[in-house]
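Quick look at what TrEMBL lists:
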TRANSMEM  20-38  transmembrane segment
TRANSMEM  44-66  transmembrane segment
BINDING   Glu107, Asp136  UDP-alpha-D-glucose binding site
ACT_SITE  Asp136  active site
ACT_SITE  Asp465  active site
TRANSMEM  575-596  transmembrane segment
TRANSMEM  616-637  transmembrane segment
REGION    643-662  region 'Disordered'
TRANSMEM  672-694  transmembrane segment
TRANSMEM  706-726  transmembrane segment
Amino acid sequence: MASPLPLYEKIYVKRRFQRVMDTLMLLLLLLLLTYRFFSLRDSFTVPWFLAFLCESWFTFTWIVILNCKWSPAYTITHLHRFLQHYQQQDELPAVDLFVATADPVLEPPIITANTVLSLLALDYPSNKLACYVSDDGCSPLTFYALVEASKFAKLWIPFCKKYNLQLRAPFRFFSTSDSNLISTEQDSLEFKQERSKMQDMYDNLSRKIEDVTAKAIPFPLDGEYASFLNTDRRNHPSIVKVILENEEGVRERLPHLIYVSREKRPQHPHEYKAGAMNVLTRVSGLMSNAPFMLNVDCDMVVNNSKVVQHAMCILMDPHKGKEIAYVQCFQQFYDGIKDDPFGNQWVSAFEYIIRGMAGLQGPFYAGTNTFHRRSAMYGLYPHEIETGRNKEKLAESVLIKQFGSSNEFVKSVASALEGNSYSPNDDRSPSNFIKEATKVSDCKYEHDTSWGSEMGWLYGSISEDVPTGINILKKGWRAESCTPEPTPFTGCAPGGLLSTIVQQKRWASGLTVVFFGKNSPLLGCLFGKLQFRAGLAYCWLTNWGLRSVYLVCYAALPPYCLITNTNFLPKGEGLMIPVAVFVIYYLYSLIEYVTIGVSLREWWNNQRMTIITTSTAWFIGFLSAMVKLLGISDTVFEITQKEHPSKTSGGNNNNDEEKEEDAGRFTFEDSAVFVTGTTILIVQVTALLIKFMGLQPPAAGDDESGNGAGELVCSMLLVLCFWPYLKGLFQRGKYGIPFSTLCKSALLSFAFVQFSRYTINAA
């Protein structure tokens with residue numbers, strides 16, 4: 001019998017020019033380190049020693065990066081083979097859809113409603129889908145938005161499927177003017193009439209949700225909303241509500257839609273997003289128990305209606321599918337500002353580094369746009385897919401100890417681990433499991449279980465996605481990327497500097513905790529089945545915070561040398577080595593950006609923001625992580641604000657004009673992150689003034705001991721990178737740096753200058 005054809009293929013790409021340039025850069029870095037090492041042996045100075053340490057770290061980082069980049073892989077899914085194999089719709093596997101939201105102010109309910117509508121309208125049998133929304137804000141506003149959206153869905157979903165729409169989030173569909181998204185069928189008079197009616201209905205829905213959101217008490221808390229009476233977002237019981245239910249399991253009807261707000265009490269840690277995802281896993285295990293789960297953030301709308309089929313091509317592949325624990329779709333954005341002034345869109349990183357990781361053991365789990373194998377989340381090992389789990393491990397007493405005290409949920413776990421889709425209970429309607437679902441959503445349910453430590457989403461870091469992914473891969477699983485055309489999901493990019501800084505600080509803090517914790521990629525390589533190169537690639541990710549320490553130290557060397565009239569760069573012919581490193585690196589990165597169609601301005605914005613975010617947000621995130629690891633204080637989870645393009649749904653024109661005016665402009669607040677950046681700028685400017693005004697002390701020895709052009713150019717380049725901060729010194733309002741921030745930065749700068757002068761006198 002002929003072997004079945006594969007449902008997907010992984011194609012590796014050889015980029016010879018990239019390898020040549022990577023190798024050349026590495027050789028130059030090693031040459032620079034060698035030169036410094038022998039110079040330090042002849043004459044030891046503190047600036048040269050610090051430069052040697054920093055450049056050693058930069059060399060290691062470059063090795064890690066080229067390790068990621070040298071195995072780029074493209075995944076091609078064969079959708080026609082998948083559809084031929086599963087001609088009967090009933091044979092398709094079920095998929096549970098998870099949406100997480102936490103704050104109705106920072107994450108407006110209209111955004112969540114659009115995401116849910118796009119998921120409910122997926123081009124997949126409705127009776128195979130169940131959508132679960134986790135509301136960690138316990139907001140009646142979010143519940144109201146979902147209820148109203150479910151009413152609109154009864155007309156929206158048939159409309160999407162009748163005309164085979166690509167964009168199935170209403171605000172995206174009604175705001176697009178791309179003619180490539182319109183087929184011949186959609187150019188008919190009938191379609192235009194129905195589209196107009198749908199747009200009026202959506203505008204009405206959007207207006208109702210936004211009007212209700214603007215009020216303190218939007219409606220009487222009775223009936224369906226009585227559960228929210230006297231609740232606080234940090235102190236409330238579990239609330240589980242079935243909004244839509246496909247009772248007869250008919251594929252032409254709407255999927256299940258379930259609202260979940262887990263119990264929260266002040267005395268119990270809620271473990272941020274990881275805790276919410278584990279609750280959704282348990283609730284869905286009771287109500288639908290699909291073998292696969294998709295989790296998305298509340299702003300990540302479906303951009304390719306066939307994304308589930310593409311992911312199933314990989315997970316259900318007859319040859320390699322059983323080795324794969326999760327399928328990651330890359331994050332892309334629908335509202336990116338031109339030229340990416342804040343470096344949020346990650347175009348180069350996805351194309352070169354993350355695609356390179358896809359060629360190893362798999363891309364890292366990014367926390368959203370990810371299809372998971374439920375059994376892998378339950379702690380199953382790859383070999384147990386074929387051989388089955390040991391019956392002793394499936395004993396009820398063992399499962400209760402691991403998964404909690406709910407007998408119904410334990411039955412569903414045993415069923416999932418054995419490869420069955422549903423709980424043994426004959427009655428599968430979600431509404432019949434509300435009482436049990438409420439129980440598994442209680443904050444005490446996980447006590448003395450394996451949740452968050454050995455299975456599910458792992459606890460201990462506010463970046464729950466990376467340790468969860470590492471925990472899965474170190475068991476021997478693989479992961480794959482899914483990048484069909486068009487892009488599967490598109491989301492909302494942070495719209496300003498503050499949102500960018502908040503997000504980057506949170507990532508750096510969480511990733512630093514991972515690197516120094518029990519889920520470190522180094523430990524995964526030593527004591528697990530995480531492949532060496534995959535573990536090294538994860539070091540690129542988990543070292544963000546630590547990288548900032550070396551960059552801040554390196555950024556302090558030019559002003560220190562200008563103030564003290566010393567040097568950390570070679571002079572004469574030796575200067576050519578760091579100059580060559582600098583020139584080749586920036587030319588190489590420019591070529592990479594131009595190759596993927598990025599403008600020169602966007603390239604420079606990304607280079608500038610790399611310096612700014614690393615030396616500010618990542619540095620503060622690293623310090624926050626160190627405070628947590630030392631047990632002094634816990635990390636605060638900060639939600640990134642999501643901005644809905646309200647002009648597409650009848651929003652306030654004044655607000656729209658204000659957002660357009662702010663687009664791409666740097667705004668500042670009184671935050672420690674901005675203190676760091678302002679201090680770096682003031683120190684550089686002060687050092688340059690000392691140099692140009694001739695206030696430097698005489699060189700300690702001969703002319704070779706004093707600073708030269710290298711230190712001067714480095715300091716000027718840093719001022720250029722922090723140019724938006726320099727403009728902020730002379731502006732007012734939100735575009736100007738706050739006076740309190742200026743005072744703190746001035747004091748720190750004064751301390752740095754005095755310390756530098758003290759070292760001269762001490763020497």
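Just so you know, glycine gets a Cβ as well, placed from its N, Cα and C.
Predicted, not measured: the structure shown is a model, and the values here were computed from it.
Neighbours of Glu107 (UDP-alpha-D-glucose binding site), defined as other CB atoms within 10 A of its CB across all chains, total 27. Between the transmembrane segment (672-694) and the stretches 20-38, 44-66, 575-596, 706-726, the greatest number of Cβ pairs separated by less than 8 Å involves 706-726. Remark: Asp136 (UDP-alpha-D-glucose binding site) has Ala100, Thr101, Ala102, Asp103, Arg233, Ser261, Arg262, Lys264, His270, Lys273, Ala276 as non-local neighbours, by Cβ distance under 8 Å and separation of at least 6 in sequence. A sphere of 10 angstroms centred on the C-beta of Asp465 (active site) encloses 25 other C-beta atoms. Recorded residues Glu107 (UDP-alpha-D-glucose binding site) and Asp465 (active site) have their alpha carbons 20 Å apart, per Cα-Cα distance.
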